[in-house]
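Annotated features in TrEMBL:
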type: BINDING; residues: N83, T85, R89, E122, D146, N204, L205, R221, N222; note: S-adenosyl-L-methionine binding site
type: DOMAIN; residues: 6-275; note: domain 'CheR-type methyltransferase'
Amino acid sequence: MKSSLLPLEHAALTQRDFELIRQFLYEEAGIFLSDIKKSLVASRLCRRLKETGYENYGDYFEFVKNHSEHSEYHHFIDALTTNETFFFREIEHFEFVKNLIKTHPQKKSWQAWSAACSSGEEAYSLAMLLADHLGIDGQWQVQGSDISQRVLAKAEMAHYPLERNDGIGFERLQKYCLKGIGKQSGTFLIDETLKAKVTFFAMNLTQSCESVGMCDLIFIRNVMIYFDTVSKQRVINHVLKQLKVGGYLFISHTESLMHVKHGLKQIKPSIYQRI
């Protein structure tokens, strides 16, 4: 890494550097950044310049581009792809899954995949729901994947600020969570028994997803908005190979599969089934 020769405030993201960064991110992760995201990119990467000592975005990007094995490559990807989430987000989807389990009592085994799990709230929400209705020792498993190593580390820690527990509900908090004490005051942790039913791993959805295995439920929410139609089609092609016949795909209420070939039956505006 280089030491800074100029005050950081003198560094500016040029249009040329923005174009190069945008193209690189698209090639690496399939994520398209519109022109209006230039200031966001500058803000996110400014922190990385400060950490690494580079005096301008161009030199920093050249290092990242030519050192994909370096940890800074992952910091770069993290800075431009992380997405805020929370427990039981878009509760209608979880209500749908609950009713699905109730109306299929003969089905004992359920495999769920949170395909863009961020820091784990969605995956643990699914785990709580499945544990509620199938028992903590039931034949179910939740997998969570994300392209960001940083948020995956948070997911695996399963340690959250107390104010993030909105949506979980008192009963589930008592059943599946532990309140932090002492130095961990003001936080809560997911109980180890529930945590053991959830696995996390890094995955780029624009590439093969075969390692996930076949799933009954796939949540791929609040990530499609980052893809253009070409990348969206590529992601859907990979993800759907892991969806069982009769299985369900969930996208966010703010997203759409318009202009994407998928062959699924639309059950509700954001819920699809493989027939």
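Heads up, the Cβ atoms here are built off N, Cα and C, so glycines get one too.
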Which chain-mates of D146 (S-adenosyl-L-methionine binding site) that are at least 6 residues away have a CB under 8 A from its CB, listed by sequence? A116, C117, S118, L152, A155, F200, A202, M203
Which state, by DSSP, holds L205 (S-adenosyl-L-methionine binding site): helix, strand or coil? coil
What does DSSP assign N222 (S-adenosyl-L-methionine binding site), in three states? coil
For N222 (S-adenosyl-L-methionine binding site), list the number of other Cβ atoms lying within 10 Å of its Cβ atom. 20
Neighbour count first, Cβ atoms within 10 Å, every protein chain included; then name which of R89, L205 tops the list of binding-site residues. L205
Any idea what DSSP makes of D146 (S-adenosyl-L-methionine binding site), helix, strand or coil? strand
Model confidence over the domain 'CheR-type methyltransferase' (6-275), averaged pLDDT: 93
